[in-house]
Amino acid sequence: MTTTKTESLSTVPAAPTGTGSRGTRVLGAVALLFLVIAVAYGLLISPPDAQLGNTIRIIYMHVPTVMAAYLAFLITAVSSGMYLWKRTEFWDLLGSSAAEIGVLFFAVTIVDGALWGKVTWGVFWRWEPRLTTSAVLLIMYIGYLAVRAIPADPKTRATRCAIIGLVAVVNIPIVHKAVDWWRGLHQGKTVLGTIDPEMGGTQLFAMYSALVAGILVCVWLLIHRFRAGFLAERASDLGLDQALEERRLESSPAQGADS
Amino acid sequence: MSGASMTETLCIIGAWLVTFGAVGAYAASVILRGRRLSKIVPPEQRRWM
(Lines of atoms letter the chains of each structure in order from A and count residues from 1; the text may use other names and numbers.)
(Lines give C-alpha, C1' and ligand atoms only; values in the text may rest on other atoms or scores of the structure.)
Protein backbone atom coordinates (compact mmCIF):
# COMPACT_ATOMS: atom_id res chain seq x y z
CA MET A 1 0.00 0.00 0.00
CA THR A 2 2.81 2.34 1.01
CA THR A 3 4.74 1.34 -2.10
CA THR A 4 1.76 2.14 -4.34
CA LYS A 5 1.35 5.52 -2.71
CA THR A 6 5.05 6.30 -3.15
CA GLU A 7 4.91 5.17 -6.77
CA SER A 8 1.89 7.32 -7.53
CA LEU A 9 3.56 10.31 -5.90
CA SER A 10 6.74 9.78 -7.87
CA THR A 11 4.81 9.98 -11.16
CA VAL A 12 3.59 13.49 -10.32
CA PRO A 13 6.14 15.99 -11.61
CA ALA A 14 7.69 18.18 -8.92
CA ALA A 15 6.29 21.70 -8.65
CA PRO A 16 8.52 24.25 -10.39
CA THR A 17 10.82 26.32 -8.17
CA GLY A 18 10.68 29.32 -10.47
CA THR A 19 9.30 30.38 -13.82
CA GLY A 20 11.61 28.15 -15.86
CA SER A 21 10.82 24.82 -17.50
CA ARG A 22 12.47 22.54 -20.02
CA GLY A 23 10.70 24.40 -22.83
CA THR A 24 11.89 27.84 -21.71
CA ARG A 25 15.45 26.55 -21.25
CA VAL A 26 15.50 25.21 -24.82
CA LEU A 27 13.97 28.43 -26.13
CA GLY A 28 16.44 30.49 -24.12
CA ALA A 29 19.39 28.51 -25.47
CA VAL A 30 18.22 28.98 -29.09
CA ALA A 31 17.67 32.71 -28.45
CA LEU A 32 21.15 32.98 -26.94
CA LEU A 33 22.65 31.27 -30.00
CA PHE A 34 20.97 33.80 -32.32
CA LEU A 35 22.09 36.65 -30.05
CA VAL A 36 25.71 35.50 -30.29
CA ILE A 37 25.40 35.31 -34.09
CA ALA A 38 23.76 38.76 -34.14
CA VAL A 39 26.57 40.27 -32.04
CA ALA A 40 29.27 38.63 -34.16
CA TYR A 41 27.76 39.71 -37.48
CA GLY A 42 26.23 42.98 -36.33
CA LEU A 43 29.29 44.37 -34.59
CA LEU A 44 32.26 42.56 -36.10
CA ILE A 45 31.75 40.69 -39.39
CA SER A 46 29.28 42.74 -41.47
CA PRO A 47 30.80 45.67 -43.39
CA PRO A 48 29.61 49.29 -43.05
CA ASP A 49 26.62 50.21 -45.23
CA ALA A 50 27.24 52.24 -48.41
CA GLN A 51 24.81 54.97 -47.27
CA LEU A 52 24.45 54.57 -43.50
CA GLY A 53 28.07 53.72 -42.80
CA ASN A 54 28.67 52.16 -39.40
CA THR A 55 25.37 53.50 -38.06
CA ILE A 56 23.74 50.46 -39.65
CA ARG A 57 25.02 48.64 -36.55
CA ILE A 58 22.48 50.64 -34.51
CA ILE A 59 19.74 49.60 -36.97
CA TYR A 60 20.62 45.95 -36.23
CA MET A 61 19.29 46.61 -32.70
CA HIS A 62 16.63 49.21 -33.55
CA VAL A 63 14.62 47.05 -35.99
CA PRO A 64 14.49 43.81 -33.91
CA THR A 65 13.42 45.69 -30.78
CA VAL A 66 10.60 47.48 -32.58
CA MET A 67 9.47 44.18 -34.14
CA ALA A 68 9.45 42.57 -30.69
CA ALA A 69 7.50 45.54 -29.30
CA TYR A 70 4.90 45.36 -32.09
CA LEU A 71 4.52 41.62 -31.53
CA ALA A 72 4.03 42.16 -27.78
CA PHE A 73 1.47 44.94 -28.36
CA LEU A 74 -0.42 42.76 -30.85
CA ILE A 75 -0.50 39.94 -28.29
CA THR A 76 -1.87 42.46 -25.78
CA ALA A 77 -4.62 43.47 -28.22
CA VAL A 78 -5.61 39.88 -29.03
CA SER A 79 -5.54 38.98 -25.32
CA SER A 80 -7.63 42.05 -24.51
CA GLY A 81 -10.27 41.01 -27.01
CA MET A 82 -10.20 37.45 -25.73
CA TYR A 83 -10.51 38.67 -22.13
CA LEU A 84 -13.60 40.73 -22.94
CA TRP A 85 -15.09 37.63 -24.57
CA LYS A 86 -13.99 34.84 -22.21
CA ARG A 87 -13.36 36.77 -18.97
CA THR A 88 -10.60 34.42 -17.84
CA GLU A 89 -7.47 35.18 -15.82
CA PHE A 90 -5.29 33.62 -18.54
CA TRP A 91 -6.08 36.31 -21.14
CA ASP A 92 -5.80 39.13 -18.61
CA LEU A 93 -2.38 37.94 -17.45
CA LEU A 94 -1.15 37.31 -20.98
CA GLY A 95 -2.24 40.77 -22.12
CA SER A 96 -0.66 42.61 -19.19
CA SER A 97 2.57 40.57 -19.42
CA ALA A 98 2.86 41.33 -23.14
CA ALA A 99 2.15 45.05 -22.55
CA GLU A 100 4.98 45.29 -20.02
CA ILE A 101 7.42 43.58 -22.40
CA GLY A 102 6.20 45.75 -25.28
CA VAL A 103 6.90 48.91 -23.27
CA LEU A 104 10.40 47.65 -22.47
CA PHE A 105 11.24 46.88 -26.11
CA PHE A 106 9.61 50.04 -27.43
CA ALA A 107 11.45 52.26 -24.93
CA VAL A 108 14.71 50.60 -26.03
CA THR A 109 13.70 51.18 -29.67
CA ILE A 110 13.22 54.90 -29.01
CA VAL A 111 16.57 55.21 -27.18
CA ASP A 112 18.38 53.33 -29.99
CA GLY A 113 16.63 55.54 -32.54
CA ALA A 114 17.68 58.67 -30.63
CA LEU A 115 21.30 57.50 -30.66
CA TRP A 116 21.05 56.87 -34.40
CA GLY A 117 19.47 60.33 -34.81
CA LYS A 118 22.36 61.95 -32.93
CA VAL A 119 24.85 60.54 -35.45
CA THR A 120 22.70 61.04 -38.58
CA TRP A 121 20.73 64.22 -37.86
CA GLY A 122 22.96 65.75 -35.19
CA VAL A 123 20.17 65.71 -32.58
CA PHE A 124 18.69 63.00 -30.37
CA TRP A 125 15.07 63.97 -30.98
CA ARG A 126 12.91 65.82 -33.49
CA TRP A 127 9.17 66.25 -33.23
CA GLU A 128 8.64 64.73 -36.66
CA PRO A 129 5.73 62.37 -37.51
CA ARG A 130 7.32 58.94 -36.91
CA LEU A 131 8.95 59.99 -33.64
CA THR A 132 5.90 61.86 -32.37
CA THR A 133 3.49 59.00 -33.08
CA SER A 134 6.01 56.58 -31.50
CA ALA A 135 6.10 58.72 -28.34
CA VAL A 136 2.30 58.71 -28.22
CA LEU A 137 2.27 54.91 -28.61
CA LEU A 138 4.73 54.48 -25.76
CA ILE A 139 2.77 56.84 -23.51
CA MET A 140 -0.46 54.93 -24.25
CA TYR A 141 1.05 51.62 -23.14
CA ILE A 142 2.66 53.24 -20.09
CA GLY A 143 -0.89 54.40 -19.37
CA TYR A 144 -2.07 50.80 -19.69
CA LEU A 145 0.48 49.74 -17.05
CA ALA A 146 -0.44 52.72 -14.84
CA VAL A 147 -4.14 51.77 -14.96
CA ARG A 148 -3.14 48.22 -14.07
CA ALA A 149 -1.29 49.52 -10.99
CA ILE A 150 -4.39 51.35 -9.68
CA PRO A 151 -5.88 49.32 -6.81
CA ALA A 152 -9.22 47.91 -7.97
CA ASP A 153 -11.29 44.77 -8.09
CA PRO A 154 -9.34 42.34 -10.37
CA LYS A 155 -12.22 41.99 -12.86
CA THR A 156 -12.74 45.76 -13.08
CA ARG A 157 -8.99 46.30 -13.52
CA ALA A 158 -8.80 43.61 -16.21
CA THR A 159 -11.76 45.11 -18.11
CA ARG A 160 -10.28 48.64 -18.02
CA CYS A 161 -6.92 47.32 -19.25
CA ALA A 162 -8.53 45.23 -21.99
CA ILE A 163 -10.31 48.31 -23.36
CA ILE A 164 -7.05 50.32 -23.33
CA GLY A 165 -5.23 47.38 -24.94
CA LEU A 166 -7.72 47.42 -27.82
CA VAL A 167 -7.65 51.21 -28.24
CA ALA A 168 -3.85 51.56 -28.04
CA VAL A 169 -3.14 49.02 -30.77
CA VAL A 170 -4.84 51.30 -33.33
CA ASN A 171 -1.77 53.53 -33.03
CA ILE A 172 0.58 50.86 -34.44
CA PRO A 173 -0.53 51.25 -38.09
CA ILE A 174 -0.42 55.03 -37.61
CA VAL A 175 3.22 54.82 -36.41
CA HIS A 176 3.98 52.44 -39.26
CA LYS A 177 2.39 54.60 -41.97
CA ALA A 178 3.57 57.95 -40.52
CA VAL A 179 6.53 58.00 -42.91
CA ASP A 180 4.13 57.69 -45.89
CA TRP A 181 1.35 59.99 -44.69
CA TRP A 182 3.44 62.92 -43.49
CA ARG A 183 6.75 64.34 -44.59
CA GLY A 184 9.42 63.86 -41.94
CA LEU A 185 13.06 63.14 -41.28
CA HIS A 186 12.71 59.45 -40.57
CA GLN A 187 13.71 57.05 -43.32
CA GLY A 188 11.04 54.99 -45.11
CA LYS A 189 9.52 51.76 -43.83
CA THR A 190 12.02 49.10 -42.86
CA VAL A 191 9.88 46.89 -40.66
CA LEU A 192 7.11 45.15 -42.60
CA GLY A 193 8.28 47.12 -45.59
CA THR A 194 11.43 46.53 -47.51
CA ILE A 195 14.67 45.86 -45.76
CA ASP A 196 17.10 47.81 -47.92
CA PRO A 197 17.53 45.76 -51.13
CA GLU A 198 21.03 47.23 -51.47
CA MET A 199 22.09 45.40 -48.33
CA GLY A 200 24.82 42.85 -48.84
CA GLY A 201 24.60 39.19 -47.81
CA THR A 202 26.33 39.56 -44.46
CA GLN A 203 24.33 42.70 -43.65
CA LEU A 204 21.06 40.90 -44.39
CA PHE A 205 22.25 37.91 -42.35
CA ALA A 206 23.12 40.21 -39.42
CA MET A 207 19.70 41.89 -39.66
CA TYR A 208 17.70 38.66 -39.88
CA SER A 209 19.65 36.88 -37.13
CA ALA A 210 19.08 39.91 -34.86
CA LEU A 211 15.38 39.88 -35.82
CA VAL A 212 15.02 36.19 -34.98
CA ALA A 213 16.94 36.73 -31.71
CA GLY A 214 14.68 39.66 -30.80
CA ILE A 215 11.48 37.69 -31.42
CA LEU A 216 12.76 34.63 -29.53
CA VAL A 217 13.85 36.74 -26.55
CA CYS A 218 10.44 38.46 -26.57
CA VAL A 219 8.59 35.12 -26.49
CA TRP A 220 10.97 33.71 -23.85
CA LEU A 221 10.44 36.80 -21.67
CA LEU A 222 6.68 36.64 -22.18
CA ILE A 223 6.50 33.06 -20.90
CA HIS A 224 8.55 33.93 -17.80
CA ARG A 225 6.61 37.15 -17.16
CA PHE A 226 3.27 35.36 -17.54
CA ARG A 227 4.32 32.71 -15.01
CA ALA A 228 5.64 35.34 -12.59
CA GLY A 229 2.31 37.16 -12.92
CA PHE A 230 0.43 33.93 -12.29
CA LEU A 231 2.49 33.31 -9.13
CA ALA A 232 1.93 36.91 -8.00
CA GLU A 233 -1.85 36.42 -8.32
CA ARG A 234 -1.67 33.21 -6.25
CA ALA A 235 0.50 34.97 -3.63
CA SER A 236 -2.01 37.82 -3.56
CA ASP A 237 -4.87 35.35 -3.06
CA LEU A 238 -2.93 33.73 -0.20
CA GLY A 239 -2.36 37.12 1.43
CA LEU A 240 -6.07 37.87 1.17
CA ASP A 241 -6.99 34.46 2.58
CA GLN A 242 -4.58 34.99 5.50
CA ALA A 243 -5.96 38.46 6.19
CA LEU A 244 -9.52 37.07 6.21
CA GLU A 245 -8.48 34.23 8.52
CA GLU A 246 -6.77 36.67 10.91
CA ARG A 247 -9.85 38.88 10.85
CA ARG A 248 -12.05 35.86 11.60
CA LEU A 249 -9.81 34.81 14.50
CA GLU A 250 -9.78 38.37 15.85
CA SER A 251 -13.56 38.56 15.80
CA SER A 252 -14.17 35.04 17.17
CA PRO A 253 -13.13 35.66 20.85
CA ALA A 254 -15.15 38.86 20.89
CA GLN A 255 -18.20 37.00 19.65
CA GLY A 256 -17.59 34.33 22.26
CA ALA A 257 -17.31 36.99 25.03
CA ASP A 258 -20.52 38.69 23.84
CA SER A 259 -22.44 35.45 23.99
CA MET B 1 39.82 59.76 -33.95
CA SER B 2 37.73 62.80 -35.00
CA GLY B 3 34.85 64.16 -32.92
CA ALA B 4 32.19 62.90 -35.34
CA SER B 5 33.78 59.47 -35.48
CA MET B 6 33.99 59.36 -31.68
CA THR B 7 30.29 60.29 -31.40
CA GLU B 8 29.41 57.57 -33.92
CA THR B 9 31.38 54.90 -32.04
CA LEU B 10 29.92 55.96 -28.68
CA CYS B 11 26.38 55.93 -30.08
CA ILE B 12 26.81 52.46 -31.62
CA ILE B 13 28.25 51.00 -28.42
CA GLY B 14 25.60 52.86 -26.40
CA ALA B 15 22.76 51.42 -28.49
CA TRP B 16 23.97 47.86 -28.01
CA LEU B 17 24.63 48.40 -24.30
CA VAL B 18 21.21 49.96 -23.74
CA THR B 19 19.48 47.10 -25.58
CA PHE B 20 21.34 44.28 -23.84
CA GLY B 21 21.42 46.09 -20.49
CA ALA B 22 17.71 46.91 -20.36
CA VAL B 23 16.47 43.54 -21.63
CA GLY B 24 19.00 41.64 -19.48
CA ALA B 25 18.12 43.57 -16.33
CA TYR B 26 14.40 43.06 -16.96
CA ALA B 27 14.88 39.33 -17.60
CA ALA B 28 16.88 38.97 -14.37
CA SER B 29 14.24 40.85 -12.38
CA VAL B 30 11.42 38.65 -13.77
CA ILE B 31 13.28 35.40 -13.05
CA LEU B 32 14.26 36.48 -9.53
CA ARG B 33 10.69 37.60 -8.87
CA GLY B 34 9.44 34.20 -10.02
CA ARG B 35 11.85 32.39 -7.70
CA ARG B 36 10.89 34.59 -4.75
CA LEU B 37 7.17 34.06 -5.38
CA SER B 38 7.65 30.31 -5.78
CA LYS B 39 8.84 30.17 -2.17
CA ILE B 40 5.61 31.82 -1.01
CA VAL B 41 3.08 29.95 -3.16
CA PRO B 42 2.33 26.33 -2.13
CA PRO B 43 3.46 23.64 -4.63
CA GLU B 44 -0.09 22.60 -5.53
CA GLN B 45 -0.83 26.16 -6.70
CA ARG B 46 2.42 26.49 -8.65
CA ARG B 47 0.93 25.21 -11.90
CA TRP B 48 0.33 27.51 -14.82
CA MET B 49 -2.90 26.44 -16.49
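The backbone N, Cα and C atoms fix where each Cβ goes, and this holds for glycine too.
Predicted automatically and left uncurated, TrEMBL annotations should be read as such.
Copied over from TrEMBL, here are the features:
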{"type": "COMPBIAS", "residues": "A:1-11", "note": "compositional bias 'Polar residues'"}
{"type": "REGION", "residues": "A:1-20", "note": "region 'Disordered'"}
{"type": "DOMAIN", "residues": "A:24-186", "note": "domain 'Cytochrome c assembly protein'"}
{"type": "TRANSMEM", "residues": "A:26-46", "note": "transmembrane segment"}
{"type": "TRANSMEM", "residues": "A:58-78", "note": "transmembrane segment"}
{"type": "TRANSMEM", "residues": "A:90-111", "note": "transmembrane segment"}
{"type": "TRANSMEM", "residues": "A:131-150", "note": "transmembrane segment"}
{"type": "TRANSMEM", "residues": "A:162-182", "note": "transmembrane segment"}
{"type": "TRANSMEM", "residues": "A:202-223", "note": "transmembrane segment"}
Contacting positions for the transmembrane segment (A:58-78) when only residues 6+ beyond its ends and CB under 8 Å are counted:
38, 42, 46, 52, 94-96, 98-99, 101-103, 105-106, 108-109, 112-113, 115-116, 119, 137, 141, 144, 165-166, 168-169, 172, 190-191, 195, 206-207, 210-211, 213-215, 217-218, 222
Non-local residues, at least 6 beyond the ends, that sit with Cβ under 8 Å of the transmembrane segment (A:131-150):
73, 76, 96, 99-100, 102-103, 106-107, 109-110, 113, 125, 157, 160-161, 164-165, 167-168, 171-172, 174-175, 178, 184, 186
